[in-house]
Amino acid sequence: MNKHDSERIAGLLSECHFQETLEIGQAEVIIYNTCSVRENADNRLFGHLSQLASLKERKRSLKVVVAGCIAQKMKEDLLERSPHVDIVVGPNDLGALPHLIRMSEEKKARLCQARDKPQQEITSLPSKRKSAFKAWLPIMTGCNNFCSYCIVPYVRGREHSRPFEEVLTEAQELVDDGVVEITLLGQNVNSYHDGNGRGFFHLLEAVSQIEGAKRIRFATSHPKDLSPEVIDLIAQRENICNHIHLPLQSGSNRILSHMNRKYTREHFLHLTSLIQERIPEAALSTDIIVGYLSEEEEDFWDTVDMLKKCRFDQAFIFEFSPRPGTTASMMEDRISKAEKQRRFRMVNDLQKEISWQKNRSYIGRCITVLVEGRSKKDPGEISGRTDNNKVVNFPGSSELIGKMVSVKIVDAGAFSLKGIAHVPRRTTSHENCVIFKGELQRISD
């Protein structure tokens with residue numbers, strides 16, 4: 001969601017004749033668009049802000065803006081804590097940012113605008129996409145779940161779904177603009193409803209029927225709301241990507257109840273079994289929290305057991321840190337930092353091994369990759385993603401960026417695959433081939 005908000009900010013300021021710069025010393029306005037889900041995000045922000053002291057001293061006209069969830073959470077307190085910040089603007093007030101910058105300059109004032117309810121639909125703001133061929137498409141904002149550890153409902157507000165036809169119109173516009181991959185976006189997309197009896201299944205089905213929509217993703221799902229109908233739809237539609245992010249958080253029923261997650265480990269296992277049965281090529285990713293409040297050793301081992309049973313392709317693992325304002329922050333955190341770190345290492349090591357094993361199964365296969373850019377680690381390679389969200393690096397020209405390329409996988413690590421661009425020779429037989437989301441690809445020459 002924050003990445004999309006950043007594109008909205010860029011689009012808004014571009015319309016006001018601002019130009020982006022990669023050189024911080026050239027900037028007239030520096031904007032930090034923040035996330036407050038994890039404690040380290042707060043720490044990073046204040047670390048960056050403290051480094052601006054000398055720059056602000058040399059360039060007194062410089063405006064420093066903090067936007068996003070930390071801005072919404074702290075409001076005026078952020079101005080008090082950081083003397084280098086000129087403007088605080090919450091996610092519900094992004095449309096006011098040009099006015100706030102102008103007023104701060106004219107009045108030489110430090111300003112805060114972070115209201116609890118949207119003053120303007122953020123979807124009505126212009127967007128300046130970072131990619132010509134990938135786009136975020138928000139379908140809803142906010143969250144009604146109030147998990148005990150989560151700050152999101154307090155900073156993003158309650159669930160609000162966009163009108164059905166409005167989403168379809170924007171999706172069609174993106175396809176007409178040459179976008180290859182659309183990601184339907186929301187804190188919990190499965191809670192989408194338009195007020196006329198149409199939910200996420202109907203929306204996903206309608207978007208997938210748009211002519212020219214080549215890849216459709218969605219993020220994020222809540223295990224209590226993901227339906228068998230959506231799983232079946234993914235299996236049936238070639239252009240809906242075979243990747244589902246399904247946050248587990250804990251494998252212990254006791255801890256899940258304490259977290260107010262509203263599902264059990266048994267329900268979660270049923271979901272993953274259903275996905276694996278109906279979408280064999282599906283990749284599953286998840287979120288895990290270790291060291292949550294009163295997590296006993298038995299609770300922790302329940303989580304380890306779930307990792308072994310579910311065999312996720314990827315897991316984002318976090319040590320629990322209470323966020324001020326949440327239910328969990330009012331309770332005693334009995335797990336020491338050292339113990340949280342021990343549990344983190346154990347889960348992380350296990351997941352790396354599982355990810356490596358699963359990625360190794362792709363060696364020798366040919367899969368379709370949407371090339372996203374140059375590889376971050378090797379300038380001689382390009383990098384992209386499969387429809388089930390596997391990162392693939394392979395030698396190639398920048399001319400391939402934005403294109404679908406068939407790649408033969410030759411090696412694999414825990415986090416990515418390595419391959420070579422592959423042009424299959426002509427064949428009249430299906431021998432040595434694999435069906436991968438509706439496409440016939442040769443495994444070997």
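All residue numbers here begin at 1 and follow the chain in the order shown.
Every residue gets a Cβ built from N, Cα and C, even glycine.
Per TrEMBL, the features are as follows:
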type	residues	note
BINDING	CYS143, CYS147, CYS150	[4Fe-4S] cluster binding site
DOMAIN	1-106	domain 'MTTase N-terminal'
DOMAIN	129-358	domain 'Radical SAM core'
DOMAIN	360-423	domain 'TRAM'
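Sequence features, as recorded in TrEMBL, placed on the structure.
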{"residue": "CYS143", "record": "[4Fe-4S] cluster binding site", "Cβ within 10 Å": "21"}
{"residue": "CYS147", "record": "[4Fe-4S] cluster binding site", "Cβ within 10 Å": "21"}
{"residue": "CYS150", "record": "[4Fe-4S] cluster binding site", "Cβ within 10 Å": "20"}
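DSSP assigns CYS143 ([4Fe-4S] cluster binding site) to coil in the three-state reduction, placing it in neither a helix nor a strand. Sequence-ordered, the extra residues of this chain that approach the [4Fe-4S] cluster site, with Cβ no more than 8 Å from the Cβ center of CYS143, CYS147, CYS150, are ASN145, PHE146, TYR149, ILE151, VAL152, PRO153, GLN187. In the three-state DSSP scheme, CYS150 ([4Fe-4S] cluster binding site) is classed as coil. Here the domain 'TRAM' (360-423) has, by DSSP, the following mix of helix, strand and coil residues: 4 helix, 33 strand, 27 coil.
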